[in-house]
Amino acid sequence: MKNGLRLLISGLLIAYPLLVWWLAQNGLTNWLLLVLLALLSLSIVSQGIRHPRSWLTLAVLLVVSVTAIFADQLTGVLFYPVWMNSALLLVFLASLWRKPAVITRLAMLMEGSLSDKAVAYTEKVTLVWAVFFLVNGAISLVTAVHGDLKLWTLYNGFISYVLIGLLFVIEWSVRRVVRHKH
(Lines of atoms letter the chains of each structure in order from A and count residues from 1; the text may use other names and numbers.)
(Lines give C-alpha, C1' and ligand atoms only; values in the text may rest on other atoms or scores of the structure.)
Protein backbone atom coordinates (compact mmCIF):
# COMPACT_ATOMS: atom_id res chain seq x y z
CA MET A 1 0.00 0.00 0.00
CA LYS A 2 2.72 2.44 1.01
CA ASN A 3 4.70 1.77 -2.19
CA GLY A 4 1.56 2.27 -4.27
CA LEU A 5 0.89 5.59 -2.56
CA ARG A 6 4.50 6.70 -3.11
CA LEU A 7 4.28 5.74 -6.77
CA LEU A 8 1.01 7.65 -7.19
CA ILE A 9 2.40 10.75 -5.45
CA SER A 10 5.61 10.60 -7.50
CA GLY A 11 3.58 10.35 -10.70
CA LEU A 12 1.42 13.30 -9.71
CA LEU A 13 4.46 15.40 -8.77
CA ILE A 14 6.07 14.57 -12.12
CA ALA A 15 2.83 15.56 -13.87
CA TYR A 16 2.63 18.70 -11.70
CA PRO A 17 3.48 21.18 -14.49
CA LEU A 18 0.72 19.73 -16.68
CA LEU A 19 -1.70 19.85 -13.76
CA VAL A 20 -0.82 23.52 -13.14
CA TRP A 21 -1.31 24.32 -16.82
CA TRP A 22 -4.69 22.50 -16.91
CA LEU A 23 -5.96 24.21 -13.74
CA ALA A 24 -4.84 27.64 -15.01
CA GLN A 25 -6.39 27.07 -18.45
CA ASN A 26 -9.69 26.17 -16.82
CA GLY A 27 -9.77 29.18 -14.51
CA LEU A 28 -9.09 27.12 -11.42
CA THR A 29 -5.96 28.94 -10.22
CA ASN A 30 -7.42 29.20 -6.73
CA TRP A 31 -6.93 25.40 -6.49
CA LEU A 32 -3.23 25.45 -7.45
CA LEU A 33 -1.72 25.97 -4.02
CA LEU A 34 -4.19 23.59 -2.41
CA VAL A 35 -3.28 20.84 -4.91
CA LEU A 36 0.45 21.38 -4.34
CA LEU A 37 0.05 21.46 -0.56
CA ALA A 38 -1.98 18.24 -0.69
CA LEU A 39 0.60 16.47 -2.88
CA LEU A 40 3.54 17.51 -0.74
CA SER A 41 1.69 16.68 2.48
CA LEU A 42 0.86 13.21 1.14
CA SER A 43 4.51 12.83 0.19
CA ILE A 44 5.56 13.59 3.77
CA VAL A 45 2.99 11.15 5.18
CA SER A 46 4.02 8.37 2.79
CA GLN A 47 7.73 8.76 3.69
CA GLY A 48 7.25 9.10 7.40
CA ILE A 49 8.10 12.34 9.18
CA ARG A 50 11.47 11.06 10.41
CA HIS A 51 12.75 10.42 6.88
CA PRO A 52 15.29 13.04 5.70
CA ARG A 53 13.33 13.57 2.46
CA SER A 54 10.30 14.51 4.54
CA TRP A 55 12.21 17.44 5.98
CA LEU A 56 13.32 18.48 2.51
CA THR A 57 9.73 18.21 1.28
CA LEU A 58 8.52 20.17 4.29
CA ALA A 59 11.07 22.92 3.62
CA VAL A 60 9.99 23.17 -0.03
CA LEU A 61 6.34 23.19 1.06
CA LEU A 62 7.01 26.08 3.43
CA VAL A 63 8.96 28.11 0.85
CA VAL A 64 6.33 27.58 -1.86
CA SER A 65 3.57 28.58 0.55
CA VAL A 66 5.39 31.75 1.61
CA THR A 67 6.12 32.60 -2.03
CA ALA A 68 2.45 32.14 -2.90
CA ILE A 69 1.40 34.35 0.00
CA PHE A 70 3.66 37.24 -1.03
CA ALA A 71 3.13 36.82 -4.78
CA ASP A 72 -0.05 35.88 -6.55
CA GLN A 73 -0.95 32.22 -6.15
CA LEU A 74 -0.05 31.23 -9.73
CA THR A 75 3.41 32.80 -9.50
CA GLY A 76 4.04 31.15 -6.14
CA VAL A 77 3.09 27.76 -7.50
CA LEU A 78 5.27 28.25 -10.60
CA PHE A 79 8.28 28.51 -8.30
CA TYR A 80 7.92 24.89 -7.11
CA PRO A 81 10.48 23.57 -9.66
CA VAL A 82 12.87 26.36 -8.68
CA TRP A 83 12.70 25.42 -5.00
CA MET A 84 13.01 21.69 -5.72
CA ASN A 85 16.10 22.24 -7.85
CA SER A 86 17.53 24.54 -5.17
CA ALA A 87 16.91 21.96 -2.45
CA LEU A 88 18.49 19.18 -4.52
CA LEU A 89 21.45 21.42 -5.35
CA LEU A 90 22.02 22.02 -1.63
CA VAL A 91 21.69 18.31 -0.77
CA PHE A 92 24.14 17.26 -3.49
CA LEU A 93 26.67 20.00 -2.66
CA ALA A 94 26.44 19.37 1.08
CA SER A 95 27.10 15.68 0.50
CA LEU A 96 30.42 16.57 -1.13
CA TRP A 97 31.53 18.09 2.19
CA ARG A 98 29.83 15.61 4.49
CA LYS A 99 30.75 12.34 2.86
CA PRO A 100 29.68 10.03 1.41
CA ALA A 101 28.38 11.98 -1.56
CA VAL A 102 24.82 11.27 -2.72
CA ILE A 103 25.88 9.28 -5.79
CA THR A 104 28.48 7.42 -3.72
CA ARG A 105 25.72 6.34 -1.32
CA LEU A 106 23.56 5.14 -4.19
CA ALA A 107 26.48 3.23 -5.71
CA MET A 108 27.27 1.63 -2.34
CA LEU A 109 23.67 0.49 -2.02
CA MET A 110 23.91 -1.25 -5.39
CA GLU A 111 27.54 -2.41 -5.36
CA GLY A 112 28.53 -2.70 -1.71
CA SER A 113 31.99 -1.35 -0.99
CA LEU A 114 33.69 0.87 -3.57
CA SER A 115 37.31 1.33 -4.55
CA ASP A 116 38.96 4.72 -4.04
CA LYS A 117 38.73 5.32 -7.81
CA ALA A 118 35.02 4.50 -7.77
CA VAL A 119 34.45 6.89 -4.86
CA ALA A 120 36.32 9.65 -6.72
CA TYR A 121 34.21 8.98 -9.82
CA THR A 122 30.91 9.05 -7.90
CA GLU A 123 31.91 12.32 -6.26
CA LYS A 124 32.49 13.83 -9.71
CA VAL A 125 29.06 12.55 -10.79
CA THR A 126 27.54 14.14 -7.68
CA LEU A 127 29.13 17.45 -8.70
CA VAL A 128 27.78 17.07 -12.26
CA TRP A 129 24.27 16.58 -10.86
CA ALA A 130 24.71 19.62 -8.60
CA VAL A 131 25.65 21.73 -11.63
CA PHE A 132 22.64 20.30 -13.46
CA PHE A 133 20.32 21.32 -10.60
CA LEU A 134 21.85 24.80 -10.60
CA VAL A 135 21.30 25.28 -14.35
CA ASN A 136 17.89 23.58 -14.35
CA GLY A 137 16.78 25.71 -11.39
CA ALA A 138 17.98 28.88 -13.12
CA ILE A 139 16.03 28.03 -16.28
CA SER A 140 12.98 27.15 -14.16
CA LEU A 141 13.32 30.54 -12.48
CA VAL A 142 13.42 32.33 -15.84
CA THR A 143 10.30 30.46 -17.00
CA ALA A 144 8.47 31.27 -13.75
CA VAL A 145 9.36 34.97 -13.87
CA HIS A 146 8.72 35.28 -17.61
CA GLY A 147 5.04 34.63 -17.01
CA ASP A 148 4.33 32.53 -20.11
CA LEU A 149 2.51 29.49 -18.73
CA LYS A 150 2.96 27.52 -21.97
CA LEU A 151 6.73 28.07 -21.88
CA TRP A 152 6.85 27.18 -18.17
CA THR A 153 4.86 23.99 -18.77
CA LEU A 154 6.94 23.01 -21.80
CA TYR A 155 10.23 23.41 -19.96
CA ASN A 156 9.26 22.16 -16.49
CA GLY A 157 6.85 19.47 -17.66
CA PHE A 158 8.82 18.10 -20.61
CA ILE A 159 12.23 19.53 -21.49
CA SER A 160 13.66 19.27 -17.97
CA TYR A 161 12.62 15.60 -17.78
CA VAL A 162 14.25 14.92 -21.16
CA LEU A 163 17.43 16.59 -19.87
CA ILE A 164 17.36 14.47 -16.70
CA GLY A 165 16.97 11.33 -18.80
CA LEU A 166 19.76 12.46 -21.12
CA LEU A 167 22.08 13.04 -18.17
CA PHE A 168 21.26 9.55 -16.83
CA VAL A 169 22.05 7.98 -20.21
CA ILE A 170 25.28 9.95 -20.64
CA GLU A 171 26.46 9.09 -17.13
CA TRP A 172 25.57 5.41 -17.60
CA SER A 173 27.54 5.36 -20.87
CA VAL A 174 30.55 7.08 -19.32
CA ARG A 175 30.40 4.72 -16.32
CA ARG A 176 30.54 1.70 -18.64
CA VAL A 177 33.62 3.11 -20.39
CA VAL A 178 35.31 3.97 -17.07
CA ARG A 179 34.55 0.50 -15.66
CA HIS A 180 35.91 -1.17 -18.79
CA LYS A 181 39.18 0.79 -18.49
CA HIS A 182 39.65 -0.17 -14.83
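Count begins at 1; order follows the chain as displayed.
Placement of Cβ uses the backbone N, Cα and C atoms for every residue, glycine included.
Per TrEMBL, transmembrane segment is recorded for 7-24 (among others). Listed as Cβ neighbours of the transmembrane segment (7-24) (distance under 8 Å, sequence separation of 6 or more from its ends, same chain) are residues 31-32, 35-36, 39, 42-43, 46, 74, 77-78, 80-81, 149-150, 152-153, 156-158, 161.
Annotated transmembrane segment per TrEMBL: 30-48 (among others), in sequence order.
Among the features that TrEMBL reports, transmembrane segment is placed at 55-71 (among others).
Residues annotated as transmembrane segment in TrEMBL: 77-97 (among others). Proximity of distant same-chain residues to the transmembrane segment (77-97), defined by a Cβ-Cβ separation under 8 Å and at least 6 residues beyond the stretch ends, is recorded for 16-17, 20, 32-33, 36, 56, 59-60, 63-64, 67-68, 71, 104-105, 123, 126-127, 129-130, 133-134, 136-137, 140-141, 143-144, 149, 152, 156, 160.
Same-chain residues lying 6 or more positions outside the transmembrane segment (118-142) and placing a CB less than 8 Å from one of its CB atoms are 79, 81-82, 84-86, 88-89, 92-93, 95-96, 100-104, 106-107, 111, 155-156, 160, 163-164, 167, 171, 175, 178. Here TrEMBL flags 118-142 (among others) as transmembrane segment.
Residues or ranges marked as transmembrane segment by TrEMBL: 154-174 (among others).
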For this session: Give residue numbers and ranges for long-range contacts of the transmembrane segment (154-174): same chain, 6 or more residues beyond its ends, CB-CB under 8 A.
Result: 14-18, 21, 81, 125, 128-129, 132, 136, 139-140, 143
